[in-house]
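A.B. asks: A single structure is presented below for examination.
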Amino acid sequence: METNPRKLRSYSYICLIVCIFVLVVCAILSRAEEKEGKGENDDHIPKIYSILVEGEPLAFRASTNINSKAMALEAKKIEEIHDEILGSTLEKGSYTKLYSFKHVINAIAVRTTASQAKKLGKTKGVKAVEEDKGVKLMTTYTPDFLELPQQVWQKISNEGDRRAGEDIVIGFVDTGINPTHPSFAALDLTNPYSSNLSRLHFSGDCEIGPFFPPGSCNGKIISARFFSAGARASGALNSSLDILSPFDASGHGSHVASIAAGNAGVPVIVDGFFYGRASGMAPRSRIAVYKAIYPSIGTLVDVIAAIDQAIMDGVDVLTLSVGPDEPPVDKPTVLGIFDLAMLLARKAGVFVVQAVGNNGPSPSSVLSYSPWVVGVAAGNTDRSYPAPLILDGGQTVQGVGLSGPTLGAPLVQHRLVLAKDAVRTNGSVLQPLTRDIEECQRPENFDPAAVFGSIVICTFSDGFYNQMSTVLAITQTARTLGFMGFILIANPRFGDYVAEPVIFSAPGILIPTVSAAQIILRYYEEKTFRDTRGVATQFGARARIGEGRNSVFAGKAPVVSRFSSRGPAFIDATRSPLDVLKPDILAPGHQIWGAWSLPSAFDPILTGRSFAILSGTSMATPHIAGIGALIKQLNPSWTPAMIASAISTTANEYDSNGEIISAEYYELSRLFPSNHFDHGAGHVNPARALDPGLVLPAGFEDYISFLCSLPNISPATIRDATGVLCTTTLSHPANLNHPSVTISALKESLVVRRSFQDVSNKTETYLGSVLPPNGTTVRLTPTWFTVPPQKTQDLDIEFNVTQVLNKFTFGEVVLTGSLNHIIRIPLSVKTI
């Protein structure tokens, strides 16, 4: 018998490997069986689906009176067809109909199982079935930053903000509105709103309910509805949070509405501190509310129902600071039901504005795809709220936090205590150091005598990254134990973190950079005495927190915000680039003040406050909605495409220093030159957008031709989605008459055409120039032209590949007019 120890160890090792291999295989097989079993059981879990049905919706039928008896009969017929489709296809008791969409889209929302939805997909009269993926939510200074009082409101009326936005209705699909907020009051008896809504070509309704009593629709708010069938069907509604009325329990919808349409000159006072006066972009515009998002749940079918109703009511502008959680996986992005609803809104003459999302700075992170909607990116202004921590000895460390100074400032310094040095002990036994101690999450962790009257240093750790820890918990701990103040420093193990100004009820500062945190910790250790066990026995470090509520205006602006989603837009689940520029435009979206709602269900730290400072593309979007309303007011005959063109072609691509707009990326301390996939056409310039000189018109038929020209999408698919045949196609998708040119795969050469319409009242001569994207040459034909008022002029743009780069590069066409109009057309090209 072999007894060599080395060989025995070898055999044992082989046996061990075999055993591990067998266990791993068994685990994989078990996991696969479990997954397969779950897949089979998933069919018993009802989900929400949107069913696109053949037939034209009511808004696009011959009759123009949507409220006539004839149209009411047509609406009834459509609903009967919907019921027949469901009743004849699905098993009794296997479904719940949530909505019959009849106005701008012909569709059904239904809750049923996957197998039943599959049956519907094969039913005659059904064009498409789409599973509901859910939806998510995507100023005292910005009117001045955009020069509205000086350059825009006075051009519209010599009464300025008293008429800016007059008779324009902006619709908001969001979380509702706080009807008692002063931003939405109608108390100016010297400038009352007309009660005659017929002259606005608008017909809405005011649905009363909890916290939304009669009288909530006051002339400023002219319509308010809520949509909850999808939310109810999801089973996720929380009766204590999700108020079934147009009332905004979260604050988001009120914030968005105030940015676009809030009253002018509203004092922003929080915790007794005056931050300035707020105004919407179009302060005299009317507000129509369509609540479709709740604190606990948001479903796409509720959003579609809200869009459908908004178009029927007759809004001029539609603001969508919401969007699907993710793109459709089984169809082109531009043919998802959300994008189709926006296409039909555009067909109805509504200017639609959509947030591109907050998934930046990753490429192809936009959730806006289609050329018929304006996708808005978010930028920083030059306003900031620095919060200083002044160490004993005079060194100042800058942080972030909207709070007042510590008691006795600027003369009195207070003891600094690191949270882990103030842990409650059990006799001589030290409490084990845990994450929630470092993060100051629970008052019972601390020795009250050590922290009372002290500035406590808390550490940003993994609890904040996994959302188990909150700044609110720190403030509650501070209040319970009587902290003089607190600091939340970056953790060297995790690196820098992103900090936004937060309104603190007690003095507090966020220190988001490791370098600044190390300055504080180094000073602290120099002044702290420890015993042989490392336990702090004497705290010698002193500091004070300075005033953090005063704004400072400095630095370059605008800058593309880190969170703002980036292009290119894509057409399918593989993220193949789409020949459409997204985002379209950049607008202020960082640290924006706006109205809030007292319950603040989304953010408890803001509970009880009437104003909030927030960041997001949700905040950028209403800026463009309000500016669109001003353009519509000045040019009531303009189509949505003309308004979008005016905003795009007049945008600024340079910042306050005269340099190309910069963008934030992953590194907190650095800025990088931005490109069209960061900022779109550039930062909105409202004054120039009011008088663009030339615009690029496009209509519903043009968008259908664009769809029909997209590769790998059959005419049948287009017909099923839109109800329109592909009678004409473009030679290339980039030939859509759009205020930008995006070519996702340029081989050898391509000529695209743009058709401009003069919208001034004087003949003007334009001279063309080109900054070609790298790897191309670009030629214009003609190189100059003269166009009379209201006439059109075609421009051919010829691209030739000089180098295959297999990546997007960027340039622009510039048309300089003899009457000082300047039109910029962004170019984004990938040579292959």
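Heads up, the Cβ atoms here are built off N, Cα and C, so glycines get one too.
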A.B. asks: Pick from ASN712, ASN800: which one does Swiss-Prot list as N-linked glycosylation site?
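C.D. replies: The candidate carrying the N-linked glycosylation site note in Swiss-Prot is ASN800.
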A.B. asks: Please average pLDDT over the domain 'Peptidase S8' (150-690) for the predicted structure.
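C.D. replies: Mean per-residue confidence for the domain 'Peptidase S8' (150-690): 92 out of 100.
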A.B. asks: Distance check, please: Cα of ASN774 (N-linked glycosylation site) against Cα of ASN238 (N-linked glycosylation site), rounded to an integer number of angstrom.
C.D. replies: 54
A.B. asks: What's the CA to CA span in angstrom from ASN238 (N-linked glycosylation site) over to ASN196 (N-linked glycosylation site)?
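C.D. replies: Roughly 38 Å, rounded to the nearest whole number.
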A.B. asks: What does the structure give for the C-alpha distance between ASN761 (N-linked glycosylation site) and ASN196 (N-linked glycosylation site)? Integer Å is fine.
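C.D. replies: A Cα-Cα distance of 32 Å.
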A.B. asks: Per DSSP, to which secondary structure element type does ASN426 (N-linked glycosylation site) belong, with helix, strand and coil as the options?
C.D. replies: strand
A.B. asks: So if I draw a 10 Å sphere around the Cβ of ASN426 (N-linked glycosylation site), how many other Cβ atoms end up inside it?
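C.D. replies: Excluding its own Cβ, ASN426 (N-linked glycosylation site) sees 7 Cβ atoms within 10 Å.
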A.B. asks: Same chain only, sequence gap of 6 or more: which residues have a CB within under 8 Å of the CB of ASN800 (N-linked glycosylation site)?
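C.D. replies: Correct list: GLU748, SER749, THR776, THR777, VAL778, ARG779.
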A.B. asks: Please identify which of ASN196, ASN774 has the densest Cβ environment, defined as other Cβ atoms within 10 Å, among these glycosylation sites.
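C.D. replies: That would be ASN774, with the most Cβ atoms nearby.
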